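According to TrEMBL, the protein has these features:
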DNA_BIND  B:17-56  DNA-binding region
DOMAIN    B:81-182  domain 'CoA-binding'
BINDING   B:Gly91, B:Ala92, B:Gly93, B:Asn94, B:Leu95, B:Gly96  NAD(+) binding site
2 protein chains.
Amino acid sequence: MNNKKKIPNATMKRLPLYYRFFKNSEKSGVDRVSSREISEALDIDSATIRRDFSYFGELGRKGYGYNVKSLLKFFMEHIQGNQKRNVAIIGAGNLGSALLNYKFSNINDRMNVVAAFDNNSSIVGTTINDTMVHHSDEIEKMAKDHGIDVAILTLPAEVSQEMAERLEAAGIKGILNFTPMRLDVSDGIYVHNIDLSVELQALFFYMKHI
Amino acid sequence: MNNKKKIPNATMKRLPLYYRFFKNSEKSGVDRVSSREISEALDIDSATIRRDFSYFGELGRKGYGYNVKSLLKFFMEHIQGNQKRNVAIIGAGNLGSALLNYKFSNINDRMNVVAAFDNNSSIVGTTINDTMVHHSDEIEKMAKDHGIDVAILTLPAEVSQEMAERLEAAGIKGILNFTPMRLDVSDGIYVHNIDLSVELQALFFYMKHI
């Protein structure tokens, strides 16, 4: 690969899907996968997959497929890079606490959980798994002082839009959103949604189907 | 629709997203939506949406769009059914507690959180949001007595495979797996994985690009 800047936007949007699929393949002990297998698993047509993967270099061979470990290595080296992400957890209730205690396997060395924030005076000033819970009023100052660029939103849905706007103004570039709200932010900030109701409904639908 | 078995896997995966979108449209008093509107809201291309919806029967008309109430009725009658799911939360630590307190919007009326289970004697016997935490030894008996068919796994990764086998033997048909382990179970049980490391990695990849 000559220049990662050349990877088109549409390809980048599919990258997390590819990454998730390859990571799961690796965990299942699979060495290589064909574009047809990727196509069936992700419902992306094979031609699109081959075009996307051509940007990643010579990682596939006709009649062989893609080597799982090589692809994952490429993703880490050329896309993630060595950049460390400074992460803040916004909302230190049960879910926020769970994330502070969570063992983020594989990516621990590429992230730094700088701080948690909450409004609840009974937890502000405490530490959870060595991370201090600060009052939400300090978000802007802390974001600037510590170069926080990622926020994980685990606060009540009704205050999430207001918080997203504050985070954007504070220079945050990525939000992992656990609230059921769809956040209205500008193009310069990327929101990745995990909606637990939708995930559980997905399971119920599937169970009906099998 | 002749046979729900024919709905492709990839379409099934998008169903919860469609469901949520239509549910929100209904709440906002919207009668019908076009595939373009769905496309923009969910970031799924229009052709894929039209193909997906063709499996649901004659619910859309060219130049008219999709009738919100008909679609929701179809989803509930043909996919969810009237069946209520009896859910157990396996592991009542921070994440389990968060889920016990979580407001599962839209699907609360189709699920019944029967019990939580843990081995930790300091929380066994307590209640979290009106749900009792039982000792894990009681899983098999409780599953039988209360018809539990869904388990949400929020326990340490290293004991998750053993637990999955116990759950399968106890008649559980669906698992929402929050552990990073890929569970080895038979075809009769469906596992839906939420791997928080993978989700966060997906966010980091995307941020590298924008």
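Residue numbering: from 1, along the chain as shown.
Backbone N, Cα and C define each Cβ position, glycine as well.
What TrEMBL says about a protein is an automatic prediction, not a curated fact.
Among residues of the same chain six or more beyond the DNA-binding region (B:17-56), those with a C-beta under 8 A of the stretch's C-beta atoms are 1, 6-8, 11, 64-69, 71-72, 74-75, 78, 106.
Chain A lies within reach of B:Gly93, taking the binding-site residues B:Gly91, B:Ala92, B:Gly93 and requiring a CB-CB distance under 8 A. Note on the binding-site residues B:Gly91, B:Gly93, B:Gly96: the fewest other CB atoms within 10 A surround the CB of B:Gly93. Per-class residue totals from DSSP over the domain 'CoA-binding' (B:81-182), listed helix then strand then coil: 35 helix, 29 strand, 38 coil. Proximity of B:Leu95 (NAD(+) binding site) to non-local residues of its own chain (separation of 6 or more, Cβ distance below 8 Å) is seen for B:Thr154, B:Phe178, given in sequence order. Across the DNA-binding region (B:17-56), DSSP helix (H, G, I), strand (E, B) and coil residues number 28 helix, 2 strand, 10 coil.
In this view, B:Ala92 (NAD(+) binding site) is surrounded by 27 other Cβ atoms within 10 Å of its Cβ, with every protein chain counted. Mean per-residue pLDDT, taken over the domain 'CoA-binding' (B:81-182), amounts to 93. Around the Cβ of B:Asn94 (NAD(+) binding site), the number of neighbouring Cβ atoms within 10 Å comes to 21.
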